[in-house]
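A.B. asks: The annotation FMN binding site is assigned in Swiss-Prot to Ala62, Gly63, Leu64, Asp65, Lys66, Thr86, Asn139, Asn172, Lys217, Thr245, Gly268, Gly297, Tyr318, Ser319. Sequence annotations record features per position, and here Swiss-Prot assigns substrate binding site to Lys66, Asn111, Arg112, Met113, Gly114, Phe115, Asn172, Asn177, Asn246, Thr247 based on sequence analysis. The active site, nucleophile annotation in Swiss-Prot covers Ser175, and the record cites sequence analysis as its basis.
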Amino acid sequence: MYYPFVRKALFQLDPERAHEVTFQQLRRVTGTPLEMLVRQKVPARPVTCMGLTFKNPLGLAAGLDKNGECIDALGAMGFGSIEIGTVTPRPQPGNDKPRIFRLVDAEGLINRMGFNNHGVDNLVENVKKAHFDGVLGINIGKNKDTPVEHGKDDYLICMEKVYPYAGYIAINISSPNTPGLRTLQYGEALDDLLSGIKNKQLELQQKHQKYVPVAVKIAPDLLPEELIQVADSLVRHNIDGVIATNTTLDRSLVQGMKHCDETGGLSGRPLQLKSTEIIRMLSAELNGRLPIIGVGGIDSVIAAREKIAAGASLVQIYSGFIFKGPPLIKEIVTHI
């Protein structure tokens, strides 16, 4: 009930400042008795996916808690899973500010953050302190100054460090805000990356005596023939899941709106139909051979159900959470 008032205050601020203020407060309560202030009871809706049991099918998408600073406070709100990151081997500042823009009328966001984060070592220390009893995903990427042809090395470094602490690992090769990153979704570059990741996963399984599934996060801007090739590569390399989708470069639904021409990835409601269509095509191509985590514009129970009807086993929210707040979590988990 209170969130519309909180949102009104936060939306008076620059989007990144609003995020900082929110996280300052969440950091104060996380891991303390004050967590009760953000806790909400949601029904159990267990789902098995990638060999893991999720308390419910709703997760927080990567990008909100990049450094894993507020895992427990976010978990208290009722998420079945939380995906932290994207994290890179070394800390990096990301792109110049301003780098995130609200399209309020469209309930969308455009961001060009550029993987700003404190580095994988810092994230691991934060994860060690967390007590979240859901599934923790860790989303990994490459540093901006790492040449794309050496990008695989960055993913393997991050995998090595997060493996003991992750419920699953997400491979982000689809952000539009790191130059050249999306080229890793195609042909030989994708095969080489997936081969290296699978070998590292099996090596780490032996080392730690546990299997941590790996999911690859893809873009919504792939052509149908490109999507078929991606699906084929994921199956051939025995990848455990696919996260569909990241943000889009397509501005067709927001033409004429304030900030619509800002560089970056568009998320929120304008992405809803596009991401659902990708899930539908991907599901038809995969035919149950690996699960899909659906994300992109989910802002209601109906939007979540549409993703599942299209073929997703789990769903995630981000922009919808910014616009609708914690009540959206309870609403989706209760009625999905």
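Each Cβ is built from the backbone N, Cα and C atoms, and glycine gets one as well.
Predicted, not measured: the structure shown is a model, and the values here were computed from it.
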A.B. asks: For Asn246 (substrate binding site), just give me the three-state DSSP call.
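C.D. replies: For Asn246 (substrate binding site) - judged by DSSP and reduced to three states - the answer is coil.
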A.B. asks: Between the two most separated Cα atoms in Ala62, Gly63, Leu64, Asp65, Lys66, Thr86, Asn139, Asn172, Lys217, Thr245, Gly268, Gly297, Tyr318, Ser319, the residues recorded as binding FMN, what distance in Å do you get?
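C.D. replies: 20 Å is the greatest Cα spacing among the residues binding FMN.
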A.B. asks: Cα distance, Ser175 (active site, nucleophile) to Asn246 (substrate binding site), nearest Å?
C.D. replies: 7
A.B. asks: Filter the recorded positions Ala62, Lys66, Asn139, Ser175, Gly268, Tyr318 down to those whose C-alpha lies within 10 angstroms of the C-alpha of Arg112 (substrate binding site); answer none if the list is empty.
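C.D. replies: Matched recorded positions: Ser175, sequence order.
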A.B. asks: Using C-alpha positions only, work out which of the recorded positions Gly114, Asn172, Ser175 is nearest to Lys217 (FMN binding site).
C.D. replies: Asn172
A.B. asks: Taking just the CA atoms, what is the gap between Gly114 (substrate binding site) and Gly268 (FMN binding site) in Å?
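C.D. replies: Roughly 18 Å, rounded to the nearest whole number.
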A.B. asks: Can you see whether DSSP assigns Asn139 (FMN binding site) to helix, strand or coil?
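C.D. replies: Looking at the DSSP assignment, Asn139 (FMN binding site) belongs to a strand.
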A.B. asks: What whole-number distance in angstrom separates the two most remote CA atoms of the substrate-binding residues Lys66, Asn111, Arg112, Met113, Gly114, Phe115, Asn172, Asn177, Asn246, Thr247?
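C.D. replies: Max span of the substrate binding residues, Cα based, is 16 Å.
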A.B. asks: If you measure Asn139 (FMN binding site) to Ser175 (active site, nucleophile) at Cα, how many Å is it?
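C.D. replies: Here the two Cα atoms lie 12 Å apart.
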A.B. asks: Other than Lys66, Asn111, Arg112, Met113, Gly114, Phe115, Asn172, Asn177, Asn246, Thr247, which residues of the chain come within 8 Å of the substrate site, judged by Cβ distance to the Cβ centroid of those residues?
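C.D. replies: The answer, listed by sequence position, is Gly63, Thr86, Gly94, Ser175, Pro176, Thr178, Gly264, Gly265.
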